[in-house]
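The following features are taken from TrEMBL:
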- 1-355: domain 'FMN hydroxy acid dehydrogenase' (DOMAIN)
- 19, 123, 250, 253: glyoxylate binding site (BINDING)
- 72-74, 101, 121, 149, 158, 226, 248, 281-285, 304-305: FMN binding site (BINDING)
- 250: active site, proton acceptor (ACT_SITE)
Ligand code: FNR
């Protein structure tokens, strides 16, 4: 994965690289996500028959070869001309889940051509008509669930983007939403972030639990809430009719100082009590990280930046390299811990520093 990342950085435009790699504020949470995995250790069992190791899983109706998925990342043509279509092809080739960002730079229909398991992520805009239109298109293109991101009432303070006066260039613009709604994303602001201006003008900061129930009722598709860290919110999500949740701090890009997702996961999973699937993202870089998340209660584990490193380095093949590598590492880690089934992965096998 480090090799993909180095090759990606070498080819990327510096502002686009900072947009990918950066976090909010002093980037404490960004660092904490990765560091949390380095602090845990795993206790293997021996003399278990691991001739066959089974990583297959089903989540909200999506059948996956491994409990791994691509987290939504906007504007992927910033890093490769094939953008999200290539990412979806890489995910399909490895039997993993593709979650397309609402702000994809490829059309949803193009993303669907890869034919793999696919969900669409949405932010709730003030203009609900746009939202319902996107939902209808996504459904027609075979996206089987919606992921509503709930940690972004305003954009986090992404200092790198402010310093770079970052704006989305024309070649990477959203291909799914009318140019008028997206216009502010393309206007560079000296000493400011075009994305923050866009979020301020278009996202609904008044979003509440009632809106989630409304969306679930109106769309008929499973609604997964992304950006849950508090166990009480997890319980409320179940009550509001969410079909799943993603334990996420947006890859350290929203509240700097928010806890690492690995530290949030156990209590959230406990509160959910298996009633709905729990997904997690943030700082996952190795197969053993996926194993640890599964052991601590996650059903499916998402990666955001790593598939983009693969994309930038080698298009669809690079994405498949990253995702297939993670899957192979997970499978090996299951064999070496004497846990041939995902159900064998339990909290008891993980040692974490007390916090
Ligand atoms: C994101 N993320 C994100 N999340 C979301 O719900 N909608 C989006 O459009 C985006 N866009 C986006 C762009 C970029 C460049 C990054 C890096 C991230 C957050 C993403 O889905 C995920 O939560 C994190 O990336 C997970 O952390 P890791 O795996 O990158 O450490």
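Even glycines carry a Cβ here, placed using N, Cα and C.
Features as recorded by TrEMBL, highlighted on the structure.
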residue: 19; record: glyoxylate binding site; Cβ neighbours (10 Å): 25
residue: 74; record: FMN binding site; Cβ neighbours (10 Å): 20
residue: 123; record: glyoxylate binding site; Cβ neighbours (10 Å): 21
residue: 158; record: FMN binding site; Cβ neighbours (10 Å): 24
residue: 248; record: FMN binding site; Cβ neighbours (10 Å): 28
residue: 250; record: glyoxylate binding site; Cβ neighbours (10 Å): 25
residue: 253; record: glyoxylate binding site; Cβ neighbours (10 Å): 25
residue: 282; record: FMN binding site; Cβ neighbours (10 Å): 32
residue: 284; record: FMN binding site; Cβ neighbours (10 Å): 27
residue: 304; record: FMN binding site; Cβ neighbours (10 Å): 21
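Taking Cβ-Cβ distances under 8 Å and a sequence gap of 6 or more within the same chain, the neighbours of residue 72 (FMN binding site) are 99, 100, 101, 102, 121, 147, 149, 226, 304.
In the three-state DSSP scheme, residue 121 (FMN binding site) is classed as strand. Of the residues the record lists as binding glyoxylate, namely 19, 123, 250, 253, the two whose Cα atoms sit farthest apart are 19 Å from each other. In this structure, the CA atom of residue 19 (glyoxylate binding site) is 8 Å away from the CA atom of residue 158 (FMN binding site). Geometry remark: residue 282 (FMN binding site) versus residue 250 (glyoxylate binding site), CA distance 7 Å. In the three-state DSSP assignment, the secondary structure recorded for residue 250 (glyoxylate binding site) is helix. Checking the binding-site residues (123, 250, 253) against residue 158 (FMN binding site) with a 10 Å Cα-Cα cut-off leaves 253. Comparing residue 74 (FMN binding site) with residue 253 (glyoxylate binding site), their Cα atoms are 13 Å apart once rounded. Residue 284 (FMN binding site) sits 13 Å from residue 250 (glyoxylate binding site), taking the C-alpha atoms as the reference points.
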